[in-house]
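For 5-10, 111-112, 161-165, 230-233, the entry in TrEMBL reads GTP binding site. The Mg(2+) binding site annotation in TrEMBL covers Thr9, Thr142.
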Amino acid sequence: MGAAESGKTTLLEQIRLLYNQNWTEAEMFHSKAFIYNNILQNIRILIEGVKKSGEKLTNPENEPRAESLLNNDESRYARFPESMANDIKSIWNDPSIQEIYAKRSTMNLNDSAKYFLDNLDNINKEDYVPSPKDLIMSYVPTVGVQNVIFTCNNRAFQLFDIGGQKIDRRKWATMYDGIDAIFFCLAISEYNQTMYEDPNMNRLIDSLSLLQKISDEPKFKETPIFLFLNEVDVFKEKLNIFPLENYCLNYSGKSEEDALNYMESLAKQATIGRSMGLIYIYRMFFKIALALLLTSSVFSTNPKFTYFVDKLKGRIGDAAMNCSDDQYAAAHKCFDAYYANWNAVPFTFEQFEKQYDHLMDSKGVQGFEQACTYQDTLTKCLIAANVNMDNCVTNEAFEDWYKINVTEAEQFRTTYFIFDYECNAGKPIVTQNFVCLRDIKRRDKKDMDICQTQYNNALNSGTPFCKAYNDYVTCVENVYTHYCGKQVVPWICNVEEIGLKVNYDGCNNQLQNCNQ
Ligand SMILES: Nc1nc2c(ncn2[C@@H]2O[C@H](COP(=O)(O)OP(=O)(O)OP(=O)(O)O)[C@@H](O)[C@H]2O)c(=O)[nH]1
Ligand SMILES: [Mg+2]
């Protein structure tokens, strides 16, 4: 859900790409028609932009061409005649148009204008077939309902996409039954824009009141909302040109981060009264990059990217969270009791590690045994509450409970799994080699840095991520063998692999067998 042009269909298309769902010929045909329409609309907006600024086109020959484009067919959904295509190209390359394009955030210009105008030659060919990237970049207003079915984590999902223009919203209520989760898109970049449908209505205000309406809808009382604060890229670009305080009078922040936090606070206000487990807010930092990257081989092997894709899949998986509010609250209590043992104040991962090291240093192997009793109590508590770490205690849960950022949330959550291993299957190795394993962290700093550097270099030179990670694990194993002996290899191998697998499961069959 979300207002028009907030990115709903873009999100759906990305999901389709992730799950390898091809477009049908009819859809292709439909989108292709809109690409021509997008091109014409965009060049018209640019011409109007030059006019409004009181300027003229730099090349006088372009003036009559521009007039004819403005006065020609209202809209166009097919290839341009040769002469019209040439006119558009000539105008697009006009310095005045390029200058106004540079200031595009002042206009309601579609973000993909440049992409399509630059590619006009190709698009206007008789045998042109839009690429996935073209389809993602185009804006095809959704009329009625689209639906996609895909499988993630062995669960089948049916995702509906509905039109966000005012006229379409009237039909929304007919879809409210049987919905398990809502993806809501809010284009935060629109704070300075008004609606096509209602030129007196600010788009951000409209979007927020729509969000509030959905959040307050009795039928969605128990339905989780995944809120995507979208178009962060455009938002950041705009901030310098249109200061946020001119539009949001009670905003007094200074930085980009302040502005983003402010937007998030508006979204929170609109969803006030929802329990934490029923609203998840994400910032779409990746703009529409996800699908574009997916289709580009340069990026699809980039570890950061594959990691991200996996996270998005995880998030979609979260929609299926078979974790009730009660389980979520019970899990929170289990972790609160666990962390109370550690007395890490302030509650940061660094402080937690300090407390851990202190216990190991002061009490030796007994300290480790003590840490394992905390861990056992925690695990028992989670089992008693029938809580599954995978779909209930996500990184987002840690962020939510402890008001920490995602990096720290990941560190805390990963530590749970590593301790779980160390206090069970890995326990004999840890207790038998305790002092060496404890002290190696300090002694081997330089050797470990070498492993890290080799790993970074491998990635930078294009080694596939899983191979680079595997080589890194081998390197670390060698360091541990050198100081503590071969018997500790299964331990370090497992610790390193768990650290990866908790957050990314794309390498499972490509990592070495740790033999334990
Ligand atoms: N720069 C940028 N553009 C985006 C982003 N998300 C979507 N877009 C573009 O915005 C346009 C509108 O996106 P859609 O996904 O079609 O919008 P919608 O919410 O489905 O709109 P309706 O179907 O009319 O309700 C498309 O041209 C997208 O390529 C983003 O995060 N950043
Ligand atoms: Mg749409």
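Including glycine, each Cβ sits where the backbone N, Cα and C put it.
Overlay of TrEMBL annotations on the structure.
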residue	record	Cβ contacts under 8 Å, 6 or more apart
Glu5	GTP binding site	Tyr139, Pro141, Gly164, Ala187
Lys8	GTP binding site	Met1, Gly2, Thr142, Asp161, Ile162, Gly164, Phe183, Cys185
Thr9	Mg(2+) binding site	Val140, Thr142, Gln146, Asp161
Gln165	GTP binding site	Ala4, Pro141, Tyr196, Glu197
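In this structure, Glu5, Lys8, Thr9, Asp111, Thr142 are the binding-site residues from Glu5, Lys8, Thr9, Asp111, Thr142, Ile162 whose C-beta falls under 6 Å of some atom of ligand 1. Checking the binding-site residues Lys8, Thr9, Asp111, Thr142, Ile162, Gln165 against ligand 2, the ones whose Cβ sits under 6 Å from it are Lys8, Thr9, Thr142. Reduced to three states, the DSSP call for Thr9 (Mg(2+) binding site) is helix. In this view, Asp111 (GTP binding site) is surrounded by 18 other Cβ atoms within 10 Å of its Cβ, with every protein chain counted. In the three-state DSSP classification, Thr142 (Mg(2+) binding site) falls within coil.
Between the binding-site residues Thr142, Ile162, the minimum number of other C-beta atoms within 10 Å of a residue's C-beta occurs at Thr142.
Within 10 Å of the Cβ of Val232 (GTP binding site) there are 20 other Cβ atoms, across all protein chains.
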